């Protein structure tokens, strides 16, 4: 079977809600990375066979936001492009679709990833198309409803985390401790240049003066403590334990990479970072969607012909501390190998981009001692996706 490799994997800094990227559309964040990847590899843009980009909150952006990103990023109009929505798994699903298209011989080079600007998601007035006869009307927050609400139970993703708290007996202190550790690991990595190789700075033009250049993730908090987090009120249930401090943020960002056949990479003298070994997807009861990575990880390992003990590093999306703790318990993961640079609780969770973001961060950790990695994300609606990669040799 054709070996599929990953190269030129990058991400933008991750912006906080209403932060530096509040006026930068998702497709502009994506375009920044596309332009950088083309320039860095020296690849002729016309040689890219297809572009596949995850994006969840698409309302108001225009037709096919991935196409907008590709064209603004310098790709010719002849390159076909489509947008993927698998909620939090969108970015990684895009890479899986690229992988599948190469294995089947349809493509040799695909640019894949994800992008999201949650700050720009619009408010909607449903049923207003033909006017209202009388009475009050309300707006729907497209970010909350299309991105963060379980439609089957009509409640916020945070309640699915509270459901896992009850099922697994996870304490508030455990969650807050997990969140603090994520922040500390991310702060340490940020201070010591641990993200420098994966981040492409984003230049934001200003009406007056020089552009603002964003180079670092905005959500990392160096001085957080369990004591400080313990003062936060529950966010989703009156007597709950999930808070804004032990959950991932609402964020803006993008992540992209080249997915190629090994033969094409050799032909073009592009040095791969890793080989894609296999993927796994899984579904569970939507009310406990956060536990779905367990099944996805097991399937990805089986398809990759690997055991959990073969994995040197894990990048698992931290939707909620409770969700992460439940998955860690089920899989019995070694904590020293999981999210060694922190996770989404610290870095942020731009939902359409996160699947690609966790893989980008993983790829930049591979070396002679860390040769095999696994990444996974839970997905709203009761799903998960996972991937296994190995350092290219």
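Just so it is clear, glycine is given a Cβ too, placed from its N, Cα and C backbone atoms.
As written in Swiss-Prot, here are the features:
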type	residues	note
ACT_SITE	88	active site, acyl-thioester intermediate
ACT_SITE	349	active site, proton acceptor
ACT_SITE	378	active site, proton acceptor
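Cβ contacts within 10 Å of the residue listed as 'active site, acyl-thioester intermediate', excluding its own Cβ and spanning all protein chains shown: 34. If you take the C-beta of residue 349 (active site, proton acceptor) and look for same-chain residues 6 or more apart in sequence within under 8 angstroms, you find 88, 248, 249, 250, 251, 317, 318, 319.
Within its own chain, residue 378 (active site, proton acceptor) has 88, 289, 290, 291, 292, 293, 317, 319, 323, 327, 384 as residues 6 or more apart in sequence whose C-beta sits under 8 angstroms from its own.
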